[in-house]
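Annotation source TrEMBL lists compositional bias 'Low complexity' at 37-54. As annotated by TrEMBL, region 'Disordered' applies to 12-66. Taken from TrEMBL, the feature transmembrane segment covers 80-99, 111-136, 148-170, 199-223, 235-257, 310-332, 409-426, 432-454, 466-486, 492-512.
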Amino acid sequence: MVQNGFFYHNEKSNGGVTVPGITAENAQGGEEDLGNSKSDGSSISSSESEVNTSDADKGKDKLGGSSTEEVDAVHLKRRVGLFSGVALIVGTMIGSGIFVSPSGLLYRSESVATCLIIWGACGALSMLGALSYAELGTMITQSGAEYSYFLEAFGPMPAFLFCWVSTFLLKPSQLAIISLSFAKYTVEPFIVGCEPPDLVVKLVCAATIASITFINCYSVSLATKVQNIFTAAKLIAIFIIICGGIYMIALGNVSYLSTGFEPFDPSLSPTTFSDIATAFYSGLWAYDGWNNLNYVTEELKNPFVNLPRAIIIGLPLVTGCYILVNVAYLAVLSPIEMINSPAVAVTFGARALASWAWLMPLAVCVSTFGSANGTLFVGGRLSYVASREGHLVDILSYVHVRRLTPSPALLFNTLIALLMIIPGNIGSLIDFFSFTAWIFYGGCMAALILMRYTRPNAPRPYKVPIIMPIIVLIVSVYLVVAPIVEDPQIEYLYATMFILAGLIFYIPFIYYKVPVKCMGPVTAFLQYLLEVVPTKYE
């Protein structure tokens, strides 16, 4: 194995080290056929896992490369079907927000009708973005979403900066925040008369992250089943809310809904374009997660069909849920009560569900646990793909010898998330980094538009009208620039500096390939400890 530094560069293939006892025959079985072995029974050595340079060069012109299943090597299998794909999209989009704090958009829109229209418009815009991602995902077949698209369209540096921000901040912080919400609502029923102690909440949060990590490391099939079950459970909870709202409307409780475009608070100034834009910003964050299936394209069965199909099913479903849940809330609660409620679904349940009100805190727990599971699932794949391309340490691209799960990458994301729960209140910091997501969304739209001209003959099993990515690109630019122009704060500068700080690692270790020789023994030790083997991808 040639060690080029802290980050390994091996033309889309990981070298690995010779580990007696961890052999290719152990790794071929996976979950479905444990015990099956190759006849030669040879160990995975550095010479066997290297990719011939000329072969790698031949594959460079292949947009997206070939399927992992075409390579006779250890790799992640295609175990995510259409139903699981829909569950991953819906389950990560619908977190605790629609149950706890959907009123931010209502407050900024200043009227009931405007609020419901913006909820629908945000869903439509998210649909345009997701369908554009479907074209990218069926054209570039690697997992990793934005990372893989930037790599193909713009080269390694933008891809590395996306990986830097997402791997070390955005994905782990999302997991930490969602798990903290789960822990808070889990502990609250057992603490009467006061707020739950921070230490107890953090311990429950850590246990939750550890449980989710075990599930994902143990089996991909188990992780998708958990995602399917919890997504179905949260949709049942939403159905109960909607049914409760329909019942209250049938009783004639439409006084709040009938106000239409009238301001629900006469003391408020007339709605301005800036207010509408800010309301859109809040609504679009509620839809965040529509791109998550693109992180696992390599594991999706028949991705050329199931990727766009899952998006077409999942996005309208989430949009319908968001609109109908808000209608149900407004059939029971006034806009002012919604804005002032610390947990809107719990307040709604106490009013509309009577003895069944306990279902609402349970719904929040179910929703957050499912979202946390999906967040870790996709976050691990990003680290896995970036490592395979040489942008992270080599061990993160290894998979478990029998279970064929990317356990090192999952454990890496878990470790960062656990460190983030120590300070507890990281939400305020993340708010200033959240605008960076729209930099990356806009970048992907630019990549799609660019490759329409630079690679016009690339296979596109699914193709969207060019106006779709153009619209999303314009909105992305506005959502990045508007918060800084309207309310400039030093934290936005810190966020930008953090992004550019990735160049400190990119220039020496990726561009110039400065070696850090201690990584060889560390990789060998972790390979022994975790029972993982290198993977190939061409």
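Counting starts with 1 at the first residue shown.
The backbone N, Cα and C atoms fix where each Cβ goes, glycine too.
In this chain, the transmembrane segment (80-99) lies out of contact with the transmembrane segment (432-454); the count of Cβ pairs under 8 Å, excluding pairs fewer than 6 apart in sequence, is fewer than 3. Here the transmembrane segment (80-99) does not lie next to the transmembrane segment (492-512) in space: the count of CB pairs under 8 Å, restricted to residues six or more apart, is fewer than 3. Beyond its flanks by at least six residues, the transmembrane segment (409-426) meets 167-168, 171-173, 175-177, 179-180, 198, 202, 205-206, 209-210, 213, 216-217, 376, 379-384, 387, 396-397, 530 of its own chain at Cβ-Cβ distances under 8 Å. In this chain, the transmembrane segment (199-223) lies out of contact with the transmembrane segment (235-257); the count of Cβ pairs under 8 Å, excluding pairs fewer than 6 apart in sequence, is fewer than 3. Sequence-distant contacts of the transmembrane segment (466-486), counting only residues of its own chain at least 6 positions beyond either end whose CB sits under 8 Å from a CB of the stretch, comprise 125, 128-129, 131-132, 274, 277, 281, 284, 435, 438-439, 441-442, 445-446, 448-449, 452, 492. Under 8 Å from some Cβ of the transmembrane segment (310-332) lie the Cβ atoms of residues 82, 85-86, 88-90, 93-94, 98, 102, 106, 112, 115-116, 119-120, 123-124, 126-127, 130-131, 133-134, 235, 238, 241-242, 244-246, 248-249, 253-254, 256-257, 286-287, 290, 293, 338, 344, 348, 351-352, all in the same chain and six or more residues away from its ends.
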